[in-house]
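**Q** Structure provided below as structure tokens; questions to follow.
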């Protein structure tokens, strides 16, 4: 089937409509939170606050910076491993995230921050919006190289909407805990993306197989994304936790789990290769699995060695998934997972949900202290019949809800994206930047060996024929090529002696 990939009319109109809609909705609904409003000084005076340091901004903004870098730099560069799709990986990730955070601020504002007819906007909102968009970036990895920017915008719109509904039910109605988003961000994002790519299955994708691989420099760029994500993941898992011990504990648990997953990833990567070599795909991705797996239980009393155990197993399962499960799913179940998000986010996300359920179910006042367990899980006087076993069940229900929302939502959105007018590329043109980007090809250069008698002459010339400014090319005698010069001796070659 021939596809029309010229987006000159469709993409600008879509972006313009979406942005104008955002402006109108923000104008109607969004207002500054009191701590971001010019009336903050009156609030300080009323509450007898003497310092601006009490403003929530100073507690939350460092975490926001780290999460923001993960979304735009970490996820963006992690997907630059494809040899001809670097522009699209970073650029389309930038596009969907920029739109997604605006829509997420509205959606989450209506569900969580709606006061007196308006959404109150603070630094906490933008952290939550980045979390929401991180789920969209995860799903993007499954369809990378196979969808148009139009499809990505539509997918982001629906995914942000479904994410917010799922998160509200899970956190506010079921009352599950998910500080680092193993269930709401990673499990939901991964299986939503996998379901979409299953619906969008391309039977002739093998025609683009030569571009569905990396080269030396593209793997290095992807490793930049890995390092950004690895360094900032403790902030990601702790950004929304309560100040104090919970946030402190979340950062420590994530730090340890990430470290453990690196060593087990290297171990398994070497084992599965016949010559014991390491696969860069494993190192770029599976080394991050510990951060995903510890997310739900990050702020719980998981213990340091428990965090190491989680990272240990996440690294193993993630690497084995890249080695064996991804090819199996593509060949047998028509799931074309470009980035292997099932192994980095899906499987570790499920592990994280289970770890959170077990940790919650075995929590006790002996470990947390009586005030600590009330503070961590909300076992208070208003929920006298609530106990740790019920919390464990809530965690499992939350995991199942995320899976169900992802699968059902992915099927619906997948069929919407399958419509033929979104400007998607043909099977033979997938994983190619030049379909949607102006790509300036490099001018190759050739090396002409230096004539030792004329050391001042240049050695690099353009790899194109030299045309002299004459009135007729026919009067220019052909110039014989300069024979190579041996550099083994300082004497000129005999061929150059007249």
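Every residue, even glycine, has its Cβ placed from backbone N, Cα and C.
Annotation comment: Swiss-Prot describes 48 as N-linked glycosylation site. Marked as topological domain 'Cytoplasmic' by Swiss-Prot on the basis of sequence analysis: 1-9, 83-86, 146-153, 201-219, 273-279, 326-340, 417-498. Annotation source Swiss-Prot lists topological domain 'Extracellular' at 31-61, 108-124, 175-179, 241-251, 362-395, citing sequence analysis. For 10-30, 62-82, 87-107, 125-145, 154-174, 180-200, 220-240, 252-272, 280-302, 305-325, 341-361, 396-416, the entry in Swiss-Prot reads transmembrane segment.
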**Q** Can you say which of 125-145, 180-200, 252-272, 341-361, 396-416 has the most Cβ pairs under 8 Å with the transmembrane segment (305-325)?
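**A** It is 252-272, which has the most Cβ pairs under 8 Å.
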**Q** If you run through the topological domain 'Cytoplasmic' (326-340) with DSSP, how many residues end up as helix, strand and coil?
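**A** Result for the topological domain 'Cytoplasmic' (326-340), in helix, strand, coil order: 8 helix, 0 strand, 7 coil.
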**Q** Just to be sure I understand, if DSSP states are collapsed into helix, strand and coil, how many residues of the topological domain 'Cytoplasmic' (201-219) fall in each?
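**A** Here the numbers are 11 helix, 0 strand, 8 coil.
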**Q** Is it the case that the transmembrane segment (396-416) and the transmembrane segment (220-240) touch, counting contact as three or more CB pairs under 8 Å in which the residues of each pair are 6 or more positions apart?
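**A** Contact criterion not met.
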**Q** So what sits near the residue listed as 'N-linked glycosylation site' in its own chain, CB-to-CB under 8 Å and at least six residues off in sequence?
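**A** Residues satisfying the criterion: none.
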**Q** Between 10-30, 62-82, 180-200, 280-302, who has the most Cβ pairs under 8 Å to the transmembrane segment (220-240)?
**A** 62-82
**Q** Is the transmembrane segment (10-30) packed against any residues at least 6 beyond its ends, judged by a Cβ distance under 8 Å, and which are they?
**A** 99, 102-103, 105-106, 109-110, 118-119, 121, 149-150, 153, 157, 421, 423
**Q** Restricting to the topological domain 'Cytoplasmic' (201-219), what is the model's mean pLDDT?
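**A** Its mean pLDDT is 92.
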**Q** For the topological domain 'Extracellular' (31-61), jot down how many residues DSSP puts in helix, in strand and in coil.
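**A** Each residue of the topological domain 'Extracellular' (31-61) counted once, the result is 19 helix, 2 strand, 10 coil.
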**Q** In the topological domain 'Cytoplasmic' (83-86), how many residues does DSSP assign to helix, to strand and to coil?
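**A** Computed counts for the topological domain 'Cytoplasmic' (83-86) are 1 helix, 0 strand, 3 coil.
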